[in-house]
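> Have a look at the structure that comes next, please.
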Amino acid sequence: MDGVGQAAAVAQLVAYVVKLIFTIVGLAETARRNKLECKELARRVSVIGEVLQRLKQQEPWVAAPLAGLRDALLEAHGLVDGCCQKSQRKRDRVRALVGADRHAERFREVNCRIDRQLNLIPLLSHISIKQTIAGSGGSKPTGTVASSSDDDDGVVKKLTWAEITAATDNWAAVVGVGRGSSSTVYRGRMPPAPDGRDVAVKRLGKHGRRGMDDAFVAEFEVLCSVRHDHVVRLVGWCADAGERRAFVYDHASNGTLRDHLRGGAGASSPVSATWRARLEALLGPARALDHLHRRGVIHRDVSSSSILLDARWAPRLAGFGAAVFRACTAGHERQAVSEVVGAHGYLDPEYLSTGLVGPASDVYSYGVVMLEALTGRPPVEATGGSSSGWDSDPVTLVESALDDHGKLRVDVLDARPAPEKKMTEALELVAYTAERCLWPTAEVRPDMSGVVANLEKALGMMTPR
């Protein structure tokens, strides 16, 4: 489909969604049950309808989230219509009364689905749809999207491909490649001048268009809706009408935690040389994960490579291309996903075997990261037996570092960091926390708030008083 055809298809979607919204608003006025829920839903969707009608331009790639919004609104229409039906028999009236709570829960679910789709449409955020909803009683958004002309440092800027190409000096300096060549990271400067801001530009791979768009949408949704001191900061993005997708982040000049634990960052690295710096590098991302879990986000790809260190050695969690939002009613329960993703050695065995993911899956992966920090070893190690150094069954760090009772073996502790005061007690607490995170059964693992509490306590043990 050419650009004109794509634009026409999006315009048709907008028209259909607006018509559906008007129908929902009209039905809500005649609701017989769950009147408050119907009224609140009508208020929310009427605001969405007003903003949709003000859109002057729709980029073709917003068709997918618009279709998702349409589907969520169709479900909302069915709910409201059901609340308008008159029950003829007494038994039906009793059944409707008993089912009112369940209906209220379904209203909450459909509102969550609507919010998810709105987060995926940056143009709607650009014209302040979320702020408009918030102003009439809804939740306040945590991220804002703007055009490249907006200079507010708190704003994620929409950029042109030409601007990003100029910022990277025509893609000159590669600083990293994603797993399976799914992305390439370049160093850049914005604006492209000596006094410009250092940035990292992640260009998503061209292969697997649907996978690329899924990864783009997932990362965009998380980073625009969640702000935290230890989450990598998104400063710009680009998605043109072709197959070009890119994100622009603040540059983390000290690389990844993995680099420092493997000794590749040089002798001057405090993370390589001191236990205190390692605990600080663990604590920040643990707080970020706890923050994400409280907001219904599951990272799904936690590793030492997804923890970046900025110029002041502050750690920041990155790599949100596989993230999913937890179902509104899931709590700490797991949910099915279409594809199991994550790096070998970090994957929760229950998630791997069942395809069900939850916050505990991130907890397991973070347990592996803590093992890496304690041992200095990679998540998977070669055992020899072939010219490549790998045999058919490489050994994971969990298998090699823990004994038969799930306890950390003393002989695997990294000998490089210099001894520090109360080091033994602090590291014993970190090891105990990692061991609990790595329990095979998800239900008995701690949540990330418990991990944070133990890491704070361990770091406090090593802090001079």
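Note: Cβ is positioned from N, Cα and C throughout, glycine not excepted.
Keep in mind that TrEMBL annotations are predicted by a computer and have not been checked by a curator.
According to TrEMBL:
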type: BINDING; residues: K202; note: ATP binding site
type: DOMAIN; residues: 171-459; note: domain 'Protein kinase'
> Tell me, what is the mean pLDDT of the domain 'Protein kinase' (171-459)?
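Overall, the domain 'Protein kinase' (171-459) comes to a mean pLDDT of 87.
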> According to DSSP, does K202 (ATP binding site) fall in a helix, a strand, or coil?
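Its secondary structure by DSSP: strand.
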> Among all the protein chains here, how many other CB atoms are within 10 A of the CB of the residue listed as 'ATP binding site'?
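A count of 26.
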